[in-house]
Each structure stands twice: as C-alpha cells, then as structure tokens.
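First comes the structure, then the notes that go with it.
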C-alpha cells in the first residue's frame, strides 16, 4: 500500500534524523569541552563574593578539624584524669566517628533538597555547644556521650561544603579551590594538637583545651548565615534546572558508579591510617622518648607532632592537586595513579617512623613528615573525583555515602582497633615477661614471685602500641590497590556524566533528572 510505504519512509527519515541529532550532540559536546579548556577561569576571574564564600568554607573546615584533634593533643591527660586504658581512650574517637558517619547520609539527603547554608549553620552550632558541654564533664561515659554528639554537627558540614564549591566552580579552578579547602584539614589537625596541648599546659587542665573551638564555632555560624553565597545546584556546569530524583534512585546510581566505589574504598584506607596515626601518634612517640632516656620533655611531643602534621599538609595537599592539574591533559587517568602511588609511597615511611620511635625522635618525626606528605596527596583529588563522576543533583548524597563508608570502615574503627590490639599485645608481652622474670624460691614452704620491673613494663607498653600501629602499613597497601584499580573506570564514568549533563542542557523544557547510565546505554544502542 502507498500509505504503508510512506509511513516506512517517514520512519526511516526520522531515524536518520535522530542519529544525526545524536551525532551533532556528541560533536557539540566535544566542541564545548574544547571551548571550556580554551577559556578556563583563572584566579583573577574569581568574583569577590565567591572568594568570600570560599574563605568562609575554609575557615569552618579549619576549626572543624581543630576541634576534632584537640582531644588527641591531650589524650594522655584525659586518660589519666578519667582513669581509662587505651581501649576506652580509642573509643572516644570511635564514638565520635560512628555518630559522624551515621548522620552523614541524612545530611547528604537534606543537602540535595533543602538550604545548605542553614543546614551547615545548624551543624556548626550543634558541635560547638556539645564540645563546650563536654569540657565540663568529669565522668568518662558522659564525656563519651558529648564527644559522640559532636559528630552529628560535623557530619552536616562535611557532606555539604564540597558541593557548594562544585556549584561555584568547574574545571581546574574547582580543583584549585578544593585543594584550598582540604588544605585546611592537615593545618586544622596540626593546630588541634598545638592548641590542645598548649592550652592545657597554660591553664593546668585538659578541660580548657576543649573551650577554644566553641567560641570560634559560634563565630563561624554568624559568617555562614551572613556571608556565605549558596549557588543553585549544578549552576557552574549549566545544569541548574535539574530536579532531584528519589533517594532510592540516587543511591542506586551512586552504587553503580565503579570509579566512585573504588575511590571510596581507597579513601577508606586513607581514613583508617590517618585516624590511627592522628589519635595514637603523639602518645606512641612520647613512650618512645621515655625509653630513650635522653631528657626530652614529654610535654613537647604533641606540639611537635602538630607542627609536622601541619607542614606535611601545607606541602602535600596542594602538591597533589597541582600535580593532577598539570598531568591531566597528557594522562587522563592521572588522578587515580597519584592517589595509588602516593599511598604506596607513604607505606615505608610510616613503617620506619613506627620502628624508629624508640631510637631517634628526630628520625621518627622525619619519617612521619614524609609518610603524611604522601598520604595528603590524596585528599583534594578524591573529592574532585567524586564531583566529576557524580551528577550535580546527587553530590551531597554521594558525599554522605562516601562519608558513611570511609568512616565506618576507616577512622571510626582504627583508633579503637589499635587500642584493643595494644591491650591484647600488652597482655601477651607481660605474660612472656612473667615467665622469664619470675623466680620461685621455696623456703619453709613459702613461694616468692618477682614481677617484671618498671622498665620492662614501660618497654612492653611501647611494644604493644608499636605492634598495633604496624597494621596501618598493610591497610595502605590495600588502599593503593583500590586506587590503581579505579584507573580502569574513571575516564569512562567522567565522560558519562558529561554526556548526561549535556543532554539536560539541550532539553530546556525537560526538568526530570537524566540517568547518566541509561543515557549512555541509549547512545550506544543508536
């Protein structure tokens, strides 16, 4: 029939036009990518309002990590005052991280749907008040409760802040701003040790060490509300018209992203190592100094550890970001390579630092510096990976999901695990000492037992913590493997998101979120 032939002919023409439209869309995407690279924003192109927002976020991130590691700077004093061993000492950080990771996905969900500025202001106010309340506690379990509640407030900020940066900037300028943002983590951590130790020394009590950051936190609430600019989600990538999909669909698509899952697994290992070293490092070195008998004061160790951590961050975080930006045009998978090689390079330095603590404090701190330097290469790069392999409207949810996994299996358990392992090793070592140092004398049916000397007990305490900290080296090797496997998928996942965003931009009247995996499959079918 003529009508059937006409219909078939029309369908054929429509299919051809559809294919041509898809090809033109792909060509336009390539041209758009080239134009973006040619007109990449520089530092001079950043507006004053954007600089103010970045400054606010960096300031809050700084005091966030100051607060987190102030306790580590006075841990020995807390344990002595509250009369707790290493297992309960490690539980202080673990309880904090458990609450931190548990509330991360909730704030991620809220951050994708409600005002991020007010959510962050609420979170910072909460952790400031709970930190202040905890400083007045004299009972271990009450103190543990308030430290855990601090994690709720910090979860709100950590999941939301990077997504604001992603909506303000794109490309290399985003990488630079993320490096500046994560630059505050090692600096804040180092300041936490320094402020905690020096404030406790000045006032003669560890309680005062926890009363510094709450005041800074309340100031942060004010600047967040007044000065922070909250951009539209996806605005920097021209996809501000996107609407959120359901939470179940968000999580399903996030889990399907192989590069996100592998980078999260690698970052979990980074968090495990960083958490264990940050919590137990100063106390371990103090025990090593005591065994050297060279007269070094124990009260300077936390201060020096903070300085080393801060300098390694000042060098490592921007170095990782700048190296990635320089090599990306030539090596497309360089982000995964830098993270994997950096973690692998950190391993021998951490091992030598743990081994050398008993013999040379200078050598130990030198190895700690290089170990943390290579560890810090990963911070801003991992954040950058998340932002370019996840759709803009799902990034807060992805941040919360990454926070949950990395802390649940990373620094939530590592301080407690190291504490428990050290107590177990101590029992074993004391048992061996008892068997070798105990002599039995039978005089008129009387048994005399000689226990290990005080010096042997000090050696056993050092060795038990040393053996427990060696576990971090194995975790670094595992993390390196995850990052290197990520190199197999990272480019494809990034391109898939770029195609999905481009598809949204070419359909101005279509407001429902495009599934990047489905869109990519449709393109392949054509």
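Every residue gets a Cβ built from N, Cα and C, even glycine.
What TrEMBL says about a protein is an automatic prediction, not a curated fact.
TrEMBL has this to say about the protein:
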type     : residues : note
COMPBIAS : 504-513  : compositional bias 'Basic and acidic residues'
DOMAIN   : 53-491   : domain 'Major facilitator superfamily (MFS) profile'
REGION   : 504-526  : region 'Disordered'
TRANSMEM : 91-111   : transmembrane segment
TRANSMEM : 118-138  : transmembrane segment
TRANSMEM : 144-165  : transmembrane segment
TRANSMEM : 177-196  : transmembrane segment
TRANSMEM : 208-228  : transmembrane segment
TRANSMEM : 260-281  : transmembrane segment
TRANSMEM : 301-324  : transmembrane segment
TRANSMEM : 336-357  : transmembrane segment
TRANSMEM : 369-391  : transmembrane segment
TRANSMEM : 403-429  : transmembrane segment
TRANSMEM : 467-491  : transmembrane segment
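Ranked by number of Cβ pairs under 8 Å to the transmembrane segment (91-111), the listed stretches 177-196, 301-324, 369-391, 403-429 are led by 403-429. Where the transmembrane segment (260-281) meets the stretches 208-228, 369-391, 403-429, the count of C-beta pairs under 8 angstroms peaks at 403-429. Distant neighbours of the transmembrane segment (208-228): 52-53, 56-57, 59-60, 63, 66-67, 70-71, 73-74, 117-118, 120-121, 124-125, 127-129, 131-132, 134-135, 164, 195-197, 199-200, 202; these residues of the same chain sit at least 6 beyond its ends, with a Cβ under 8 Å from one of its Cβ atoms. Contact between the transmembrane segment (336-357) and the transmembrane segment (467-491) is supported by 3 or more Cβ pairs under 8 Å, counting only residues 6 or more apart in sequence. Confidence across the domain 'Major facilitator superfamily (MFS) profile' (53-491), taken as the mean pLDDT and rounded to a whole number, stands at 81. The stretches the transmembrane segment (403-429) and the transmembrane segment (369-391) are not in mutual contact, being linked by fewer than three Cβ pairs under 8 Å (pairs 6 or more apart in sequence). Residues of the same chain lying 6 or more positions beyond the ends of the transmembrane segment (177-196) and with a Cβ under 8 Å from any Cβ of it are 54, 57-59, 61-74, 161-162, 165, 168-169, 206, 209-210, 212-213, 278, 282, 302-303, 305-314, 316-318, 320-322, 372, 376, 379-380, 383-384, 387. Panel annotation: around the transmembrane segment (369-391), residues 162-163, 166, 174-175, 178-179, 181-183, 185-186, 242, 253-254, 257, 259-260, 263, 266-267, 270, 273-274, 277, 308-309, 311-313, 315-321, 323-324, 335-336, 338-339, 342-343, 345-347, 349-350, 353, 398-399, 402, 476, 483, 486, 490, 493-494, 497, 500-501, 513, 516 of the same chain, lying at least six beyond its termini, place a Cβ under 8 Å from a Cβ of the stretch. Sequence-distant contacts of the transmembrane segment (118-138) (same chain, six or more residues past either end, CB-CB distance under 8 Å): 60, 64, 67, 82, 107, 110-111, 146-147, 149-157, 160-161, 207-211, 213-215, 217-218, 220-221, 224-225, 228.
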